[in-house]
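Here's what TrEMBL has on this protein:
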DOMAIN    279-662  domain 'SAM-dependent MTase RsmB/NOP-type'
BINDING   377, 378, 379, 380, 381, 382, 383, 401, 428, 530  S-adenosyl-L-methionine binding site
ACT_SITE  581  active site, nucleophile
């Protein structure tokens, strides 16, 4: 083609990359696709000694200009097709956090929240397996399916990173692995060599030898436009889907919002995320599901998605199939910005993926065998099963949640892990204390014996009505043994009908969550209140602007009411552990201040293990003293644990406080 490379570039509808080096030739392909930028394939000339073609013999000045223009195209594309998110906060909330942490510290926290932890934390179910056995199984899985860039859930090799990739080279999580490399120099060297081979660390803290860490990596720089003869095809996913993908999940059908036209099964696609944007009704993505991407600035969130690309994958369905199906994997991720091993459906019952601070919270409770323990907000059941495991499944762990489906999930997890001490009920934590005065009076103080007597009376009266009462008798004992739970007349009548008429379809399939009317005061030895919160410590987090000062204060009010319930339910001499997954001091230190000032018989006690930092000291006054919060004293701050997402441990943002209950009567 006459006119040289730049003339060829002008003849095409989209920019192309031009190399002026004489040992390269340009492979020009007209773009009939829908992208706005595509990279034309560059190949080394098969015969570098052959005479240069017309394209190679352009003037040096024109070649330099073309090269500079091409470099600009590459730079612009690289900047667009990258992962560089920035959290947007409500202005008042941002001012509040800057007051609490300082501007520089809060900036580091905000940046850390946008990326996942650089390791996966695994809790081993030591009642069903051993740490060593799980270590060996994981090592085999990683060696056969994930090690050196292989995905456990895929046989396709992941591309290697380059020297510009960040991650472990920059010591992102050196702090967490110091917990795993303690000991003598000789032991430490052996462990480091083992880690280099398999990427698995064993936690060496006393009492936490059931925890394993599996190393991840990132962020990686991904080239999205270097596909020969192909234009860039894209898929836009929802924010929550993207946050799961960054933690190692695949892209499932419900998470896809839009994609390019002519996407077929097996296509390589770039995956980007749509973040909520302000609109007249508040915040929303502004994308109708099923929208077609044209590769132009008229696409939904074209500018907003700049720097929000989370990786590449292979479509498992065509475009029509993606928006027609209701479930299943839409895109199997093959090249991720962050690479974390996914152990979905692997070693079921033997392991549970859980954030390190959540494991610490259950351990700090120090459950003892034979005790009666309450997990007030238990879903999805990670801390509940951890407590039961620490008790050696000897005692009773009562798990509450107000969602029917979440209670079912807790029961299924307990069954999967072979834990029989867990009893899950559907109950709002704000109504945990029994309000049925009549039932309380009838059952008396020895509720356990009274419940058994009532059940025995019901069974004896019904035996004459059933030809084969044996099985039903067992079922009712399991369902109606309240062991401290208040039973009303209506519930007892339902039990009678159930025995006469059979268990029914829902009961026979185990898909029925049992309701509770509450529990008597002072009926638990220990209470864990992992309170519902603003969740501003979870990571990766790509959006935070929905929280306002008013919504944060609403969280605080509910948490105080729940804590009031916890105080009533625990006996004198018992323990309360309060935890949240937020960085908001109002839900953390301010609640501890409220608890200590309101209940004089409560005292903070040291926590074991202690790997988090101290709490915040002093008070916060904002907006002309319209917002005032009292936090902790120096000595009190040393007794709580605050996990900073920007600290060396590289955990989620988390907070733990442990109280001992004194004599309530005094």
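A Cβ is built for glycine as well, from the same backbone N, Cα and C atoms used for every other residue.
TrEMBL labels come from automatic prediction, so no person has curated them.
Remember, it's a predicted structure, so these values are computed and weren't measured experimentally.
There are 16 other Cβ atoms within 10 Å of the Cβ belonging to residue 428 (S-adenosyl-L-methionine binding site). Summarising model confidence by region, the domain 'SAM-dependent MTase RsmB/NOP-type' (279-662) averages a pLDDT of 85. Neighbour count (other Cβ atoms within 10 Å of the Cβ, all protein chains): 21 for residue 377 (S-adenosyl-L-methionine binding site). Annotated pair residue 379 (S-adenosyl-L-methionine binding site) and residue 581 (active site, nucleophile), C-alpha to C-alpha distance, rounded: 14 Å. As a whole number, the greatest separation of Cα atoms within the S-adenosyl-L-methionine-binding residue list 377, 378, 379, 380, 381, 382, 383, 401, 428, 530 is 19 Å.
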